[in-house]
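Report on the structure given below.
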Amino acid sequence: MNISAVPTVTLNDGTEMPQIGLGTWKLHDDEAVRVVREAIAAGYRHIDTAALYGNEEAVGRGIRDAIAAGDVTRDELFVTTKLLNEDQGSQRAQEAFRESLGRLGLEYIDLYMVHWPWPQRGLYVESFEAIAKLQGLGVVQSVGVANFYEEVLRELIERTGVFPAVNQVELHPGFSQAGLRALHEELGIVTEAWAPLGRGIVLMNPVLDDIAIRVGRTPAQVALRWLLQLGCSAVPKTAHAGRLAANLDLASFKLTRDQMDAITALDDAAGFGRIFADPREYPGEVG
Ligand SMILES: NC(=O)c1ccc[n+]([C@@H]2O[C@H](COP(=O)([O-])OP(=O)(O)OC[C@H]3O[C@@H](n4cnc5c(N)ncnc54)[C@H](OP(=O)(O)O)[C@@H]3O)[C@@H](O)[C@H]2O)c1
C-alpha cells in the first residue's frame, strides 16, 4: 500500500488526521495485536480504540511492536481512545485519561474523545472541559467527542468555548446523518463515521451491489468511498488481512454525483436507519 495514498483531513486545531482508521471494537488479546500489526503493515496510520473495548493493552502492544520492528514511527501514527461513560466527571476524566495512556503504553494520544454524552448524568460538559485542559501538556494532541447530537454539541461549545475537533457518530449507507454533518461543517468539526460498513449488515443491498459492479469494487469499498467523498473520516473494523487492504484501497476510483445521491437516498429506504442506540437515550437513567 502506498501510504501517501491515504488521504488526511485537517482538524480545527491544525492537526492532520488520516481519513481512514482501523476500528478495533471486538478485537481482543492476540487477535488485536495481530490485526493492529497487519493494519500498520498494510498502510493504516490511524487506530481507533476506547477504554470501553477492553483492548487498550493489546492495541497498544500491537502499536509498540510495530514501532519496535521499524514498521512505523510513533509520529507517523494517529491513535485515538475514548473516555468510559462511568469515568465522566472533571477529576475522574483526567485520571481515566492517564489510565488509558498507561494501558496503551504510549506517551501521548493523538485524539481523546468523550465516548457518549449520557445526558441523563449531566457530566459531559465538565468531562470535556477536563480533557481539553490536558491539551498543551504534551499528552493529548486533539480533543473530541463521540455520539454528540446538536443540542449537547451546541451546549458544550457555549459553556466551554472549545470546539471539539471531531464528533465520531454512527454513520453508514442508510443512516447518512445529513443534519449533523451540516452542523459539523458550520462549526468546523470533522464528522467521523463509526460502523461505516453498517457492521456488514447494510452492505447487502442492490443499490450498493449495482454501483460496486459498475466501478469494479466491493460494496464495502463503495460505502467507504461514499464517506470519503462526503468529507467524513471513517474507522472500519475487520479482523481479516484481505479486507484490511481493500478497506484502505479507496483512492483509485470515484463515485459520480448520481451514485453518491443514490447511496444517500438509502436513508429513505425501508429497513435502514440507526443500528445502535440513540445517544439521547443511551446508556439511560443513572441508577
Ligand atoms: N464511538 C462509538 O460509540 C463507537 C461505537 C461503535 C464502534 N465504534 C468504532 O467504530 C469501529 C467500526 O464500527 P463497527 O466495528 O461497529 O462496524 P463496521 O466497521 O461498520 O463493521 C465491521 C463488520 O464488518 C465486517 N467487514 C469489515 N470489512 C468488510 C469488508 N470489506 N467486506 C465485508 N464485511 C466487512 C467485519 O467483519 P470481519 O472482522 O470478519 O472482517 C465486521 O463484522 C469500531 O470497531 C470502533 O472502533 C465507535
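Just so it is clear, glycine is given a Cβ too, placed from its N, Cα and C backbone atoms.
Under the heading active site, proton donor, TrEMBL lists TYR53. Within 10 Å of the C-beta of TYR53 (active site, proton donor) we count 20 further C-beta atoms, all protein chains included. In the three-state DSSP scheme, TYR53 (active site, proton donor) is classed as helix.
Classification of HIS115 (substrate binding site) by DSSP places it in coil, neither helical nor stranded. Around HIS115 (substrate binding site), the C-beta neighbours below 8 angstroms that are at least 6 residues distant in the chain are ALA50, ALA51, LEU52, LYS82, LEU83, LEU84, ASN85, ALA146, ASN147. According to TrEMBL, the substrate binding site annotation covers HIS115.
Residues or ranges marked as domain 'NADP-dependent oxidoreductase' in TrEMBL: 20-267. Regional average pLDDT for the domain 'NADP-dependent oxidoreductase' (20-267) in the model is 98.
Summarising the annotation, TrEMBL assigns site 'Lowers pKa of active site Tyr' to LYS82. Neighbours of LYS82 (site 'Lowers pKa of active site Tyr'), defined as other CB atoms within 10 A of its CB across all chains, total 26.
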